[in-house]
Amino acid sequence: MFTASPMSLSKILARRDWENPGVTQWHRLPAHAPFNSWRDEASARADDNASRKRSLNGDWQFSYYAAPEQVPDSWVTEDCADAVTTPVPSNWQMQGFDTPIYTNDTYPIPVNPPFVPAENPTGCYSLTFEVDEQWLESGQTRIVFDGVNSAFYLWCNGKWMGYSQDSRLPAEFDLSAVLRPGTNRLAVLVLRWCDGSYLEDQDMWRMSGIFRDVSLLHKPHTHIADYHAVTELNADYDRAKLQVEVALAGEQFADCEVAVTLWRDGLSVATVSAKPGSAIIDERGNWAERLNVTLPVKDPALWSAETPELYRLTFALRDGQGEILDVEACDVGFRCVEISNGLLKVNGKPLLIRGVNRHEHHPENGQVMDEATMCRDIELMKQHNFNAVRCSHYPNHPLWYTLCDRYGLYVVDEANIETHGMVPMSRLADDPRWLPAMSERVTRMVLRDRNHPSIIIWSLGNESGHGANHDALYRWVKTTDPTRPVQYEGGGANTAATDIVCPMYARVDQDQPFEAVPKWSLKKWIGMPDETRPLILCEYAHAMGNSFGGFAKYWQAFRNHPRLQGGFVWDWVDQALTKKDDNGNAFWAYGGDFGDTPNDRQFCLNGLVFPDRTPHPALFEAQRAQQFFTFTLVSTSPLVIDVHSDYLFRQCDNEQLRWNIARDGEVLASGEVALTIAPQQTQRIEIDAPEFAAAAGEIWLNVDIVQTAATAWSPADHRCAWDQWQLPAPLYIAPPVEGTAKPDLKVKEDVLEVSHQSQRWHFDRASGNLTQWWNNGTATLLAPLSDNFTRAPLDNDIGVSEATRIDPNAWVERWKAAGMYNLTPRLLLCEGEQLAQAVTITTLHAWESNGKALFLSRKVWKIDRAGVLHGDVQVQVANDIPQPARIGLSCQLAQTPQTASWLGLGPDENYPDRKLAARQGRWTLPLDALHTAYIFPTDNGLRCDTRELTFDTHQMQGDFHFSLSRYSQQQLRDTSHHHLLEAEPGCWLNIDAFHMGVGGDDSWSPSVSPEFILQRREMRYAFSWRQD
């Protein structure tokens, strides 16, 4: 039995355990399945709060020091004079101590493993708690820390109890020897840096403290020490065996018996009792303290992410008189995970992984996760058709897995290992001195989490190269848990240490032949000789800011190539932290905003949702691409569609198809049909379409699938899938528009003035621009209508380029080098002509930089008898410059419209390579809703393929993209944070005939697909504009 140490604090610290990779713990108890230590079966079955598990969360005393050596020896027994109250769990950086540091892969400390800086911020926590004599005499008392970053020492009642590192797994200690009836005192010394920090180089905020739950756990003297349940299914999946192993501990275990019972809806399905003692396993005998039992189950309800059917399994330990000593319990899901014929399968069905990577992040609480936030994340994921989550890049809070079991998500559980900043990356993975530390991070994860049905894949970690340590750990996991595959991307994504080819940021059709670790195109990879494993991207579609272009291409490939089984989007939530400015106003901060160095700026903003879980527009693109129903227009006369269910296990029993036929947004007919589609089957639906009269406008069939009743993760009427098709319509001949008076041209010294009834247009003869437009005496322009060839750079345009490290290959650097952000117009022609029924103004501009013409823009403006301004624009692009971001026009309007209405793609922001989620229709939104508040400001708010646009007195027609914003492109370009943007007078209107895609395969290299780059060197467009 462990005896608490009387050594002083300074003597214990003098050993510098935190700089010894061979020391990962002192006196920490072995890993096991989570415990609650119920004392009756009913409570365990109901998962009620256990009276013998007491939370120690709450207010603790806290003192902060710059280094552990500064902590006085007396702190072990009494608080320091400067102690303050701090909440546990929390990160101390979020409580006003020390600095949070955001870096992607650069280590935040000098790289000299296993040594860390002498200046090593140290947090000293203390808490007093009460226990009575009966509690102490009736069993063992343990303390459980679910997460402490990065290493800590523990004292109780002045006695040193132990040490632990690995910030993302529990550390459990036996306090029994030092507890006393009445008041007891805990003291926890937490170090910011330890040698384990070299294994925790994940792309995240680097923070410290006791950031997960702390609890006291009371176990009887003889108790359950571990349990493990494995489900086995027959080939027809209608018979199951539940193989259960239970380990006991304590002096009297041999006299005890364990009743193992499987429950379903409160009823016992199967039960068996057994005494400890395993079968003989070798020449030395058996495990005396273990027992193995089998529970047969007929017609089991199978678990999947679609149908998260759960049973409850209880383990009741009884003494020789039949009295219950200890009860543990867990949820059980009957499911089989396997790889066969090159496919990852659950219950015999090949999966299509609709996955996302998720960091544990909260804008106010840092890395502290509460149940409400976890539930919200899962609900949003399921509402947007995700079925899988990767715990990037560490084991999560224990509750997360229980929620995934119950809501239904497939989980990749990942070890807390990343050495991204090492050179080479595999330096520690190939060093046997680091094998114990790496081993504990993998083995303890498996032993804690292996009972969860949601976990279908183990991951050995992230971006740590590939070394002999990985091979050893792979073999241990496969031996310990042969029921799950193992994945690991490091070393090229297809080493012998992975059952799944799991690259990150491989592209659909483009090879990236990096030296040593090439990334082949997805289609090529699965066809390579001797490669028979499934391919699932562990990271793809880097959703940084205004990004996610080309996501539909991935999903086309996934649906067309069975061994391309999906992937995990990077990533779920923008990792911004709430900070207050000098005026006390809160804003979302990113790398560098806390004075943290080194830092990687806004590279932490890669989420599909904002920090408060408000969706980015990209989330809707994922929802549409990943939807579980596909549609086919079979015929238009009669009007027939097929609806196919991609569900593998779910019978449609809560879905309804709602359809309407609309002309330019006006509904002509509608209806609804109940869906009764079996898994992977199709339902044919004939729609009673009316005869269409000849009229202006396009006719569209719109179909939505909605859930009629609320579910555990969605409200009633939640739309889970949709599609639309343009239908043939009778030819319509529009009558000519007749005006009452022809426009009049006046050639003045400085302007060409066109008048028509209550309207006047001024074309400046020096600039050639439309500088003012009066309507009923009101000036409508604050800045002239002028050519627009650039955009406020997106994160994907910037790539890794920054002031101290220019990437000449980044789009923004290529545009800068060509002079596109410093264009000067030179007017070559400006003339007006009075026609019989109209006035035309013709201009020709050369847009130059450093005396070189980059663009030629010829515009012919025509004002007709109806007072409509028609624009016909031809643009030539120089052959030796990079392709531009846009071809269009921009102006600043004098009025600020309250709303805008348009006929085109909407309602949400969409771009040419990210418009799968956009729907053709007529939409109306407030002006502010047309702006996307990306934390790092960029071009935003575009709506594509617009036929009509109406706001205030303005009406525009044509085929164009538009954005309306309170902020100019220049301000968006110059401003570092969204909260620093200042609304400008009026409103900025951008009309684009052509706009480059946003890209998104990754955010550090040009990733816009060729078809979404403006390759043509001559372009022409036209539109009309009128005011009422």
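Along the chain as shown, residues are numbered 1 onward.
A Cβ is built for glycine as well, from the same backbone N, Cα and C atoms used for every other residue.
According to Swiss-Prot, ASP203, GLU463, GLU539, TYR540, ALA541, HIS542, ASN606, TRP1004 bind substrate; the candidate from ASN104, ASN365, ASN702 that the record adds to this site is ASN104. Annotated pair GLU418 (Mg(2+) 1 binding site) and GLU463 (active site, proton donor), C-alpha to C-alpha distance, rounded: 6 Å.
Over all protein chains present, the Cβ of ASP203 (Na(+) binding site) has 23 other Cβ atoms lying within 10 Å. Within 10 Å of ASN104 (substrate binding site), as judged by C-alpha distances, the recorded positions found are ASP203, ASN599; the full candidate list was ASP203, GLU463, GLU539, ASN599, ASN606.
Cα proximity to ASN606 (Na(+) binding site) (within 10 Å) is found for none of the recorded positions HIS420, GLU463, TYR540, ASN599. Local packing around the binding-site residues ASN104, ASN606 was summarised as the count of other Cβ atoms within 10 Å of each Cβ; on this measure the leading residue is ASN606.
Note: the Cα of PHE603 (Na(+) binding site) and the Cα of GLU463 (active site, proton donor) are spaced 17 Å from each other. For the recorded positions shown (GLU418, GLU463, GLU539), fewest C-beta neighbours within 10 angstroms: GLU463. Taking only the Cα positions, the spacing between HIS359 (site 'Transition state stabilizer') and HIS393 (site 'Transition state stabilizer') is 7 angstrom. In sequence order, the recorded positions near ASP203 (Na(+) binding site) (Cα within 10 Å of its Cα) are HIS393, HIS420, drawn from HIS393, HIS420, HIS542. Here the recorded positions are HIS359, HIS393, HIS420, and the one ringed by the most other CB atoms within 10 angstroms is HIS393.
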